[in-house]
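All remarks here apply to the structure that follows.
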């Protein structure tokens, strides 16, 4: 099922971009590529696909070379967009050393965000990870106030309070399930440490990327190109430094009986990363980094529920309640942003007079 979805999404992604290229000649694609709701829908679909694909790779074959997997995804992404550019379907700017130097901190933050995310998931259940990920939205929102002149309304603040409350409930449900076992509590707190590190690195990545996009006037494929090109060497270096490349572990990750299948699925997951890379940059560009993060948080709620059902996560009153409180926070925030946009639209004619 995961393979079929990946193939279909890849075909749709290719067809849509080809159609956009044709439409662009007639000036018909601008309304689509600059449409916020369309970018949000595309980001949701691609992020769900990416999560399912990665879970299939790591879960089905007990894969533990995460840095190497991410490096393969980056390499496949680069080859894919280079092929699309060669066919005249997409375009992006040529490599520039000065731009690469300015963009390198973003690539480093991307690697840090991915690594801390994988470490948090190693020690925390999927529902708890998902709920605590919402705290990133608060960091991004106040980062936008400082850097981009954003505004936090009373209703948005209320949604942030609900996010914090959902995290507290999730923590209580997690500790209630763990009990007083010292070893398990130690691993749990270690997971929370990685989770908070991931929240800060994720917020820094999104905010700095948005600021750099404004300064460099990067388009979506420019952002994808530099993110993958600069993160690839970092991922390879970190893989060889921190991951187990012994023959025993290699045989565990690439068993002879399904080695070809494992390699194929790794490449397929890299192809699916093209969609999430493009849609992430697209969503940040045409909406806001806070909206992008909130959409991602809401999009993770179905994954959190699947964690309760399929992944042996703690199922109790508190864990289930935390998911729905987090969802309620997302609804509150969506309504708050909608009201704020309407108010801004009404103020614009007055400001122009």
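Note: Cβ is positioned from N, Cα and C throughout, glycine not excepted.
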Worksheet entry | Membrane side match, residue 65 / residue 154, Swiss-Prot record | no
Item to complete: Of the residues 134, 260, give the one that Swiss-Prot describes as N-linked glycosylation site.
Response: 260
Discussion item. I'm validating the feature mapping. Which of 11-28, 155-172 is tagged transmembrane segment in Swiss-Prot?
Written reply: 155-172
Discussion item. Looking at the topological domain 'Lumenal' (249-262) alone, can you tell me the average pLDDT?
Written reply: 83
Item to complete: Determine which recorded stretch among 67-87, 103-122, 155-172, 228-248 has the most C-beta pairs below 8 angstroms with the transmembrane segment (317-336).
Response: 155-172
Response to the item:
Ordered by sequence, the long-range same-chain Cβ contacts of residue 260 (N-linked glycosylation site) under 8 Å (at least 6 apart) are none
